[in-house]
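Worksheet for the structure shown next.
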């Protein structure tokens, strides 16, 4: 009865039935596709593209396109996709996850939806976990796509920008998940649209989707650079600030805590540092350091805002009076205070750009994936990525023997039993794969086998270079392979002809905290209907057993007088282990979900900044945008200085000083003129004067150069402020969980404070751009420059050394090359004229 109900209500079964009908349609088309010549078969691609332009959809083309790919695969690769592979292809095309067991031909399955979706010309990304697999699949499956007239590209870390652009321009691009994410970040740090490599993200198929979207979900991709805050500059700025006098060299507004140099102060700085114009773009860093030095000396007070403890500056929480250890002021203020107090100035590395795989892959119009094990994480895929997991039936029934776990009292007893089992199977010639959780376990078993005289291969992080060769040999007679955490996914273990009747034996030395990893190990045996056996050996001293109350069981084994050589084989124990694994999986899912909620705050901000950066990059004239920024800056300044209810308390002098110092020239705006106006009327005459000055500035140089100058300023300011903001958000995130002690929801606080910080950053960007546009002297040979040269850092989740990938740098411009400013002239006759 239960079986019947299960069939009626089984959603997966319903999906399979629905797809079976489409498979029958594809089969029916075979008789008309098979007689076609190679040229006629290739011609189908053009026909499909034309039909798409006339209004048909890819869904309409699916049966015929799949039939064409099946026939082409038979001719080019000598492989004909089975019906279950067609089902897998349909599930992928619909934006779902195809769970297909090991050896069922996932790579061939992917060619069906890849071809269909590549017909749109928008690009399809096939994502793999490492470059070896990307190259293998691109060369093998690429033959099929190229036969059908589509272009195939491969995107590798070592490639130049031009090679990457070519790879992404292809109809189908094979790449690793890391490289896709880093290219996205680098594109959004670029200064010229010609430097960008990616097209809009259309459709991705992720191989081993659980590994990328679940196991690596919490690992952010980071491009970081040494923060260009030389400690030396802090020392110089600090020494200079000590010589300044209040009122004469700087003005301090107690209410707004705003401190800035006066004209005298600016002149003093220019003399002290032997420069002509403090507001020149070349001196951005110097001005920033002086301003932060001023804030450190005038605004920040020892034992009120911070304390000096054990040679470190520790912030004091203004609300609770508690010390906030580990928190640092952003934008270099912390280093300025360190210089003021004479303690060691810490040089921070700065995150220039960051994104998690969760957020990167959610940007695709359509996303799908394939793996042998995804059903256990179905809830996560559905809730976070909006993908259903469809379990595709195997082509032949699975006849593998999955035996119940054997539980030993101690680790020693367990390993002795494992080695004995391996030796016995090795004598019979049966190939054995031993799965371990840690590298040290694999090396311990290796030593024990060496003592017994059993030849074997070890596959772990230390020798992954030979991964493919070791896996290829693992199915031959008498082979013994020890693999850590199922390294070598993506390559099948093919059985030698002389062991086809016994199959592969898989031995697990302990249960992983995730059932999925155990299932991956099991799935190595019994591929494509082959025989095979799987057996897990556990001990009461294993981490999972220790964490989830095995004391009772240990006591029971003692009472029964069981020694190390006697295991217990019990369904009850297996169930207890499985429920422990479910609990751990639940905890991990909650952690990933929480990470996503926090990361979403930065995601929304990142999308706003990157979208505006893109607009700036593609825009020919930023004048309108900059005028809008000036208007906002003036309105904010007016509001700040006239916020008191009583007119006499308005700080009109402060407003005039601010405008003359930052935006206008002395005498452009007079105090008595503004006093006659209401606050809402003050902005208009100021903005008119600003535009007048802007027009004068434009007349001083050619139009092209003015436009490039605007872009230089906007990029420099936006990128500097954005990287500082990411840094500040990092620091906010580190300490936010402590708010929970005050009965406050940390996530809500993070969202609110993050939004306030973002608004403050936008205001700061607008103000600084306005100031540089109005005050900076313009040089003839302006060039856009990256704020910081970054390098890609992908923190390794398994504690190995972090992988570092350099940002691809642009080529040097030759004197006879076209100028990068977009003028159409040769470099020597344009921006290179002065050099």
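Glycine residues also receive a Cβ, built from the backbone N, Cα and C atoms like all the rest.
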According to Swiss-Prot, 103, 104, 105, 106, 107, 492 bind ATP; which one of 85, 520 is listed for that same site?
85
Of the residue ranges 768-787, 788-807, which one carries the region 'Disordered' annotation in Swiss-Prot?
788-807
Does residue 106 (ATP binding site) have same-chain partners at least 6 apart in sequence with Cβ under 8 Å from its own Cβ, and which are they?
88, 98, 100, 207, 370, 371, 372
With every protein chain in view, what's the tally of Cβ atoms within 10 Å of the Cβ of residue 104 (ATP binding site), excluding that atom itself?
25
Setting 85, 103, 104, 105, 106, 107, 492 aside, what same-chain residues sit with their Cβ within 8 Å of the center of the Cβ atoms that define the ATP site, listed in sequence order?
100, 102, 108, 109
Candidate with the highest Cβ count within 10 Å, taken from the binding-site residues 103, 105:
103
Give the helix, strand or coil assignment DSSP yields for residue 103 (ATP binding site).
coil
Could you state, as a whole number of Å, the largest distance between Cα atoms of any two of 85, 103, 104, 105, 106, 107, 492, the listed ATP binders?
17
